[in-house]
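Please read the structure below before turning to the comments.
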Amino acid sequence: MGNKHTVFTHEQLEAYQDCTFFTRKEIMRLYYRYQDLAPQLVPLDYTSCPDVKVPYELIGTMPELKDNPFRQRIAQVFSEDGDGHMTLDNFLDMFSVMSEMAPRDLKAYYAFKIYDFNNDDYICAWDLEQTVTKLTRGELNAEEVSLVCEKVLDEADGDHDGRLSLEDFQNMILRAPDFLSTFHIRI
Amino acid sequence: MAQPPVFVLSVPETPDDPEGSQEPSPYDESEVHDSFYQLIQEQSRWAAEEGLELQQREPGPGALGALGDDHQALLGPEGVPVHSMATLRILASMPSRTIGRSRGAILSQLYNRTVRLRRRAARRPQLRDVGRSARPSLRLYDLELDPLVLEEEEKRVLLVKELQGLTVAQRDHVLRGMPLSLAEKRCLREESRTPRGKRRARQGGRGLPSCCSQLQDSCVLALHNLGLVLLSGLQALKPWRYALKRIGGQFGSSVLSYFLFLKTLLAFNALLLLPLLAFIVGVQAAFPPAPPASVPAFTGLELLTGGGRFAHTVLYYGYYSNATLSQPCASPPDGGQCPPEAGGLPYNMPLAYLFTVGVAFFITCITLVYSMSRSFGESYRVGSTSGVHAISVFCSWDYKVTQKWASRLQHDNIRTQLKELLAVWQLRRGPRSMCWRLRRVAVLGLVWLLCLGITLGCTVAVYSFSELMIKSPGSTEREGALLALPLVVCLLNLGAPYLYRGLAALERHDSPVLEVYVAICRNLILKMVTLGILCYHWLGRRVGTLRDQCWENFVGQELYRLMVMDFLFTLLDTLFGELVWRLISERTLKRRGKPEFDIAGNVLELIYGQTLTWLGVLFSPLLPAMQIIKLLLLFYVKKTSLMANCQAPRRPWKASHMSTVFISLLCFPSFLGAAIFLCYAVWQVKPSSICGPFRTLDTMYEAGKVWVRHLERAGPRVSWLPWIHRYLLENTFPIYLVSALLLAVIYLNIQVVKGQRKVICLLKEQISNEGEDKIFLINKLQSVYERKERSRPLPDPGTSLPSLYPGRPGRSS
């Protein structure tokens with residue numbers, strides 16, 4: 001176990017501190033959480049910026065993500081190649097955006113990307129069906145799911161093109177006061 | 001570093017997890033990355049077949065303009081709009097579709113944002129609202145940049161240049177809020193920092209100006225680091241971080257809001273206690289008055305009754321002196337005179353008492369109103385009642401939940417919520433019969449009448465018991481008998497809510513949230529009416545009967561007793577309501593479900609306790625300290641009981657609405673009532689003549705008047721203060737004027753909000769019109785390209801380009 005003087009250089013820690021919402025102590029805590037996921041894979045010395053990716057299967061076993069139905073999408077959105085395997089930068093980025101200090105717009109942007117399952121920059125009806133199915137663990141029947149999706153599109157689609165763009169999503173999020181408190185992972 | 005060994009990961013999939021089969025594998029590149037891949041595949045597949053549908057739908061040159069709904073005419077077999085390759089290429093480079101994929105688009109949008117910021121920062125240095133949407137809209141584009149299609153690299157350079165122009169704090173703020181990956185942010189940060197070093201080196205020969213800018217830079221950096229250190233220190237001070245995380249993880253945001261409210265109350269009490277400790281309790285403890293003739297011995301009962309030995313301590317009003325305190329001048333042994341320095345600063349105790357209590361209440365009022373308005377602003381928005389389905393789908397999954405059974409509960413809750421929403425929607429379609437409606441109104445009316453009857457009964461019981469206590473002789477002498485009234489009040493407060501809950505089962509509301517709010521309302525009415533009766537009992541009746549004794553001490557002790565009894569009964573309720581109920585339901589009734597954590601009831605208990613503290617501050621300045629101890633103990637007791645015995649409530653709760661409701665309830669009935677009580681006690685009631693700081697005055701407020709008169713006589717230099725007092729405070733005209741002005745401002749604000757609502761409706765209409773325009777233009781574009789395709793000479797079949805119209809060999813240009 002290295003202490004913070006050997007894991008990161010001073011400049012690296014400063015950079016992390018300036019670019020995320022975390023303080024030095026929290027960054028070190030997150031580093032040790034990352035390291036615990038794959039002790040043989042993650043080096044104890046990050047001063048040379050090693051290119052190490054922890055595979056998605058290990059990320060998905062974290063207690064904060066293990067029971068989240070969207071964990072795969074979260075990992076895909078924040079990983080570099082969209083495949084769910086995360087470097088330390090991706091890991092810090094993910095928890096920084098999901099922390100309570102991130103502003104609403106930033107969270108809304110990433111939430112939109114998470115719920116956009118086919119990555120076409122629109123939340124279409126198929127994306128909505130996937131979301132609702134995951135939320136209810138498949139316990140609503142197909143008719144109910146499509147009814148819910150229809151009502152969601154009715155309510156949120158501002159320009160009536162049959163799908164939600166990022167602007168529609170953000171306008172809807174502005175009306176939801178709970179969004180900041182639910183789209184938040186404590187680490 | 002050791003080489004990472006090759007190992008095979010076998011992470012077992014949970015057996016009852018149906019998701020594993022439904023999700024696309026992350027290795028399925030074609031599905032994940034190429035969004036138009038599907039459409040293009042469809043196109044080329046369809047192009048290989050006979051394009052018979054096109055012949056049917058091929059409109060004449062004028063027909064497109066004549067058709068009302070153009071988009072309907074061009075739907076493919078699956079209902080997906082079908083476009084030519086050229087149209088698809090244009091669509092793919094539309095700004096709205098490139099925002100997520102093209103970093104160039106993000107960078108240019110961020111560059112525009114920082115340009116706007118810098119222009120605004122010239123007038124207003126603080127960074128506020130940084131733009132609402134990440135979609136670049138035409139308005140935001142700088143006109144001289146727009147006509148050129150800039151490469152991604154150029155946009156990046158521009159953005160870096162802009163970041164250099166901001167101050168360090170602004171730059172960090174902008175960096176953190178950027179929707180880019182962390183590696184890119186670090187690169188941007190590096191690039192925007194290094195030229196400053198170069199700049200410094202280049203200016204090194206110039207001398208003084210570079211010194212100044214260096215100093216400025218290092219000052220800013222030092223402040224920045226100090227701010228970070230303070231922030232990390234504050235976060236370390238934040239108590240109970242891990243406990244709150246566990247509670248949120250197991251029970252969700254709604255139960256967490258109770259504990260966060262408890263923390264807020266702790267902060268309010270600490271804020272109230274500090275001035276009291278500094279200006280009243282501390283000073284009087286340093287200059288104790290002469291001890292009375294007989295001081296009773298300490299028995300254990302004082303902890304419950306607050307009387308006896310405690311009556312002659314700083315705890316109560318009666319201990320405080322009514323004179324000006326100063327350093328006692330011990331006469332020197334040789335009989336000389338006291339040196340003038342030994343007199344020290346005279347401290348006018350009555351004035352200090354009055355002002356400190358007033359200022360502490362004023363600070364609490366301001367803080368309460370500020371936090372209430374902030375919470376209100378965050379949770380209620382214009383037009384927030386619509387969009388329930390969208391909000392349930394996107395904002396109801398609580399990402400904090402970490403336990404498997406808790407997340408299963410969340411799934412159930414969301415499913416129930418969606419089903420209820422669908423049921424309400426379906427129900428609304430069916431008309432309600434008149435008979436059914438009358439029956440509902442009758443049942444509701446009956447239940448409300450019964451509840452109000454129970455409240456009235458409790459009120460009459462408390463009133464008659466208090467009268468009995470006054471009339472029965474010797475009740476004030478026996479310490480144990482004093483506990484009777486608090487006992488009765490607490491029993492009624494404990495029992496009546498259960499009756500209300502029983503009656504509410506008859507009502508059967510449609511919406512579970514409404515049920516909870518109705519329950520809160522009823523409990524609140526009961527508690528406030530009971531407290532009102534007690535206040536009348538103290539200030540109206542007890543003052544009269546205790547005319548030659550220290551009635552303020554008595555009121556302070558009554559409040560102390562009420563607080564202690566309330567705490568004991570809360571412990572009892574936790575024990576019996578949760579622990580024993582869980583044991584009974586598990587063993588006897590054989591039900592697996594644990595009791596639910598009653599958020600509404602517990603929060604009302606907290607508000608009630610806080611009201612008691614505020615009522616008693618004037619008569620017992622250390623009451624907030626007791627409340628702090630009580631809240632600390634309550635946190636641990638409730639947390640332990642919650643973890644061991646309870647489950648999260650089944651009905652979905654909106655956490656942010658709830659904290660707003662809690663703070664509003666704390667402000668309006670609770671604090672307002674305490675403030676009215678305080679004002680009445682200060683202005684109208686004659687203080688007792690044998691104890692306390694106001695013993696020679698007619699009302700407590702007179703201490704202030706005496707001081708103002710003293711100032712008037714002191715000299716012309718401070719004449720403005722008595723002038724203010726006479727013409728602004730005692731005169732009623734300025735107060736009327738200020739109230740009228742405030743009312744006018746409130747009315748104007750309401751009109752502004754109404755106007756904004758209208759503007760929002762108009763803008764929504766405009767957005768939907770723009771959407772229709774967009775679809776129309778896309779279809780027009782499609783038709784233009786189709787015509788061009790048709791008029792072009794056909795390529796020979798050897799080329800690899802898939803043609804849209806392979807089935808028409810006879811056509812030629």
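Quick reminder: no glycine exception, Cβ is built from N, Cα and C everywhere.
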Under TrEMBL, the annotation region 'Disordered' belongs to which of these stretches: B:1-31, B:187-217? B:1-31
Which sequence-distant residues neighbour the transmembrane segment (B:660-683)? Criterion: at least 6 residues beyond either end, Cβ under 8 Å. 257, 261, 264-265, 354, 357, 361, 364-365, 368-369, 371-372, 375-376, 378-380, 517, 520, 524, 528, 531-532, 535, 539, 603-604, 607-608, 610-611, 614-615, 617-618, 699-701
For the domain 'TMC' (B:550-656), provide the mean pLDDT of the predicted model. 84
With pairs restricted to those 6 or more apart in sequence, evaluate whether the transmembrane segment (B:516-539) and the transmembrane segment (B:483-504) have 3+ C-beta pairs under 8 Å. yes
If you count Cβ pairs under 8 Å, which stretch among B:258-287, B:351-371, B:483-504, B:733-750 touches the transmembrane segment (B:441-463) the most? B:483-504
Using Cβ atoms and a strict cutoff of less than 8 Å, what residues sit near the transmembrane segment (B:733-750) while being 6 or more residues removed from its termini? 727
DSSP residue counts for the domain 'TMC' (B:550-656), split into helix, strand and coil: 80 helix, 2 strand, 25 coil
